[in-house]
Amino acid sequence: MEPRGAAAGEPEPAVSPSFQARLWKNLQLGVGKGKGGGGGRAGGPERRTAATPTPSLPPPKTTQDVGSTGSRWSGFKKRKQVLDRVFSSSQPNLCCSSPEPLEPGGAGRAEQGSTLRRRLREHLLPVAKGSSTAAGTVGVTPPGGRSPDSAPSSSASSSLSSSPQPPPRGDRIRDEGTRRGSPEAHLCHQKSSSLPGTACLEQLLEPAPPPAEPARRPAEPQSLQKGEELDCSQKINPVETSNADVPLADPGMYQLDITLRRGQSLAARDRGGTSDPYVKFKIGRKEVFRSKIIHKNLNPVWEEKACVLIDHLREPLYIKVFDYDFGLQDDFMGSAFLDLTQLELNRPTDVTLTLKDPHYPDHDLGIILLSVILTPKEGEPRDVTMLMRKSWKRSSKFQTQSLRLSDQHRKSHLWRGIVSITLIEGRDLKAMDSNGLSDPYVKFRLGHQKYKSKIMPKTLNPQWREQFDFHLYEERGGVMDITAWDKDAGKRDDFIGRCQVDLSSLSREQTHKLELQLEEGEGHLVLLVTLTASATVSISDLSVNSMEDHKEREEILKRYSPLRIFNNIKDVGFLQVKVIRAEGLMAADVTGKSDPFCVVELNNDRLLTHTVYKNLNPEWNKVFTFNIKDIHSVLEVTVYDEDRDRSADFLGRVAIPLLSIQNGEQKAYVLKNKQLTGPTKGVIHLEIDVIFNAVKASLRTLIPKERKYIEEENRLSKQLLLRNFIRTKRCVMVLVNAAYYVNSCFDWDSPPRSLAAFVLFLLVVWNFELYMIPLLLLLLLTWNYFLIISGKDNRQRDTVVEDMLEDEEEEDDRDDKDGEKKGFINKIYAIQEVCVSVQNILDEAASLGERVKNTFNWTVPFLSWLAIIALCVFTAILYFIPLRYIVLVWGINKFTKKLRSPYAIDNNELLDFLSRVPSDVQVVQYQELKPDHSHSPYKRKKNNLG
């Protein structure tokens, strides 16, 4: 007699909807518990109705019972329990619990199943009252498909074996389990939708038998495309086992090291038959890496490395390739998926991915070559994703906190060193413009950090002399990409060349002068590169406080003592910031709450706290430590509201100069608006400590300030333009008023004042020496100092500037409201008035410089000859006559001019002379044009006659 397991490969009919409905109804209502004796009814599955529960198991050992049992259970076995469904990542696994160990069992052995399986079995498969069959024997079926004690029935067996029926449930599970070579194979799937499939439920109700058959060769893994559906009987085949470790199914932290090697035979998207490809890596709709752009190449070589931290392997790595188009939307060049569950742990794997376009699956788009290593992470990873982010997205509370800060009470250093780069010059760069020159600038990139140099116009040998720093996150340093570009206004910048610097090959604590040859171009770049040890930049919990540890505090004080002046001159001091809590923050969500987190910035160092959800009074209790490079820097603490679908909302900001900090004092700072011109809602409690070397700080003052890499772009604002104009006008008016005062002394408007000024002038000029100029400034500073310490502070609050700032803030508030009283036309007129005033001032300043230039250019020869004569006379006077006599004569002339000619018009001879020299605009206006003979009346008449 052929066993029923032989028909395992035959096609099985689909499950009828009515059967699924009945089974699901049984699961919901539990009608089987009250119908223990209803299972002995004769008839096959055709007689079962919706009110009939799943048949119970009869007592074995009789041929009649076995035959009836086979008849009743054939309703299950004639129908393949298939329910096609798409995996859902939003629902838990409802039909499968954790896998239980599978042991061979007999008729009298109790089942060691889970509580969920036992409850479902009691609910769906009730045992008949008075039955001698133990519950533990349910589903434990030998290979013949019968109970161990049952006698074979010729009639029942022949009828079952002659028809192409599916194997019994136990055989089918055992066959699939042995094919996979894993006891966990009886799990239907790890993810399911909201309703469990009938096959999964039936599989759950019967414990899997022991592997009685020899294991078969595992089937080849099948790749799953997006939108493809799976059924419960068609399980995913795992990768063939090897000696290497296989990723666990349980969630855990992994590190995925990816090396993007190259691309081959990529698609051409540009008109010239080439492309400018770059690659994006995404995991779960989040971009985790973007490569550099390889210009005009269909076989690009990147050789870039990326390190990605992932907390599960369910999401595949999504690779997308694009063609860069300046000013336009980048063209799609293909995509591919990498199933992370197929990777072996701690083993480098070379991967070749074929790019496909979902809309055009038949197109050949080339391949991408990668090298990947998947390693499990133990403990909390260092946070390398929290710096210099422009927006913050929320995935989940656990993920956000684990990505940002360590939950353990320990200190977490964020980077392991600093690479200081000085861009000196470029030599013999390639000419990209039609005039034989270029407008070069340089871009630097190290991981996610970027820097762009200033543009040097019209030169092939630019001198930049710029210095900046990058953070090192890896011990080996990494590779820094450098590209040179030519700036073109109004169109795409031209690529000049590229080069790379392998930082791992450079020794630390030493300055290296590098002359780098540009690849794919011409010329050299000259750099100075210095790798330093780890800076004092870290995040820790409040329980780990460097300043409260007496021994560590002594080490910090010793490091910045006055005796260690020349030890790392750039390391000026140490800053520790305790971000304790905030109170009364602004409600940014519709629920009346906020999800606040805090950003602490010191120049280009930018650190974040974790997010406290649904709270207007958050407590962070975090300690930040920074390395001070400039004691004149300003510490900025900004509070944001984390938003799920867009960039973070601003809640408040406070700016604190380092020199104004009182060490060890916990202080509540009132939050201000974005412009720091007025208060906003909420306060933040901080405790700050600053330790620095005064000599290093003084020397650093004479060096240019560090430029911030991330700055908000300035927008055109009427109030801002008006404010700057008024400030400039006030500065100029100081000089104008001083000139008016001196002129009033010359005019004898007040005879006593003019007489006193005349006598003072004679004494000062007669006894004047050049050293008296700095002495006068020193006396002025000393006088103001004694006024301040004596309580006679003559400094007044600048109410004019405050009023302007308040007006600017009010103007910003009014701009946000639709019902503004002032019309758009009035705004245009107000802006026009300010612009006209600025235009006139700029015109006068530019005209003055152009007139001086045109004087020496002999634009007007008469004036140039006159200037030569005047300069000769003044040269002779200065050579033969002392300076004090010249100034004395000039002063006497000015003081007596009004007395000699009361109605004379005051003037300045030098400015009067320059007013006669035309500016460049006037030169063009005064230029005589040559007549065009083609437009002469005579030629026009001659052409008409022809």
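Glycine is no exception: its Cβ is also placed from the backbone N, Cα and C atoms.
Note that the structure is predicted; figures quoted are calculated from it, not measured.
Taken from Swiss-Prot, the feature region 'Disordered' applies to 28-193 (among others).
Per Swiss-Prot, compositional bias 'Gly residues' is recorded for 31-43.
What Swiss-Prot lists as compositional bias 'Basic and acidic residues' is 169-187.
Taken from Swiss-Prot, the feature region 'Disordered' covers 205-229 (among others).
The domain 'C2 1' annotation in Swiss-Prot covers 235-353. Per-class residue totals from DSSP over the domain 'C2 1' (235-353), listed helix then strand then coil: 3 helix, 54 strand, 62 coil.
The Ca(2+) 1 binding site annotation in Swiss-Prot covers Asp270, Asp276, Asp323, Asp325 and is backed by sequence analysis. Taking Cβ-Cβ distances under 8 Å and a sequence separation of 6 or more, the neighbours of Asp276 (Ca(2+) 1 binding site) in its chain are Asp270, Ile293, Ile294, His295, Lys296, Asn297, Asp323, Tyr324, Asp325.
Feature annotation from Swiss-Prot assigns Ca(2+) 2 binding site to Asp270, Asp323, Asp325, Asp331; the stated evidence is sequence analysis. Residue density at Asp323 (Ca(2+) 1 binding site): 19 other Cβ atoms are found within 10 A of its Cβ, drawing on all protein chains shown.
Its own atom aside, the Cβ of Asp439 (Ca(2+) 3 binding site) has 19 Cβ atoms within 10 angstroms in the protein chains shown. Taken from Swiss-Prot, the feature Ca(2+) 3 binding site covers Asp433, Asp439, Asp486, Asp488.
The feature Ca(2+) 4 binding site is assigned by Swiss-Prot to Asp433, Asp486, Asp488, Asp494, with sequence analysis given as support. Counting every protein chain shown, the number of other Cβ atoms lying within 10 Å of the Cβ of Asp486 (Ca(2+) 3 binding site) is 19.
For the domain 'C2 3' (550-671), the DSSP-based tally of helix, strand and coil residues reads 13 helix, 56 strand, 53 coil. Residues or ranges marked as domain 'C2 3' in Swiss-Prot: 550-671.
As annotated by Swiss-Prot, Ca(2+) 6 binding site applies to Asp589, Asp641, Asp643, Asp649.
All chains included, 20 other C-beta atoms sit within 10 angstroms of the C-beta of Asp641 (Ca(2+) 6 binding site). Per Swiss-Prot, the feature Ca(2+) 5 binding site maps to Asp589, Asp595, Asp641, Asp643.
The annotation transmembrane segment is assigned in Swiss-Prot to 758-778 (among others) on the grounds of sequence analysis.
Within the chain carrying the transmembrane segment (861-881), a Cβ under 8 angstroms from the stretch's Cβ atoms is held by residues 855, 913, 916-917, all 6 or more beyond its ends. Positions annotated as transmembrane segment by Swiss-Prot, on the basis of sequence analysis: 861-881 (among others).
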Going by C-alpha positions, which of the binding-site residues (Asp331, Asp433, Asp486, Asp488, Asp494) is nearest Asp643 (Ca(2+) 6 binding site)?
-> Asp331
With neighbours defined as other CB atoms within 10 A, the best-packed of the binding-site residues Asp325, Asp331, Asp595, Asp643, Asp649 is Asp595
Which ones are near Asp488 (Ca(2+) 3 binding site): of the binding-site residues Asp589, Asp641, Asp649, which have a Cα within 10 Å?
-> none
Of the binding-site residues Asp439, Asp494, Asp649, which sits closest to Asp331 (Ca(2+) 2 binding site) by Cα distance?
-> Asp494
Cα of Asp595 (Ca(2+) 5 binding site) to Cα of Asp486 (Ca(2+) 3 binding site), in Å and rounded, measures 44
Of Asp270, Asp433, Asp488, Asp494, Asp589, which of the binding-site residues has the most Cβ neighbours inside 10 Å?
-> Asp494
Nearest of the binding-site residues (Asp494, Asp589, Asp649) to Asp433 (Ca(2+) 3 binding site), judged by Cα-Cα distance | Asp494
What binding-site residues in the list Asp486, Asp589, Asp641, Asp649 lie within 10 angstroms of Asp494 (Ca(2+) 4 binding site), counting C-alpha atoms?
-> Asp486
PLDDT averaged over every residue in the domain 'C2 3' (550-671) = 85
Any further residue of that chain within 8 Å (Cβ to the Cβ centroid of Asp433, Asp486, Asp488, Asp494) of the recorded Ca(2+) 4 site | Met432, Ser438, Asp439, Trp485, Lys487, Asp493
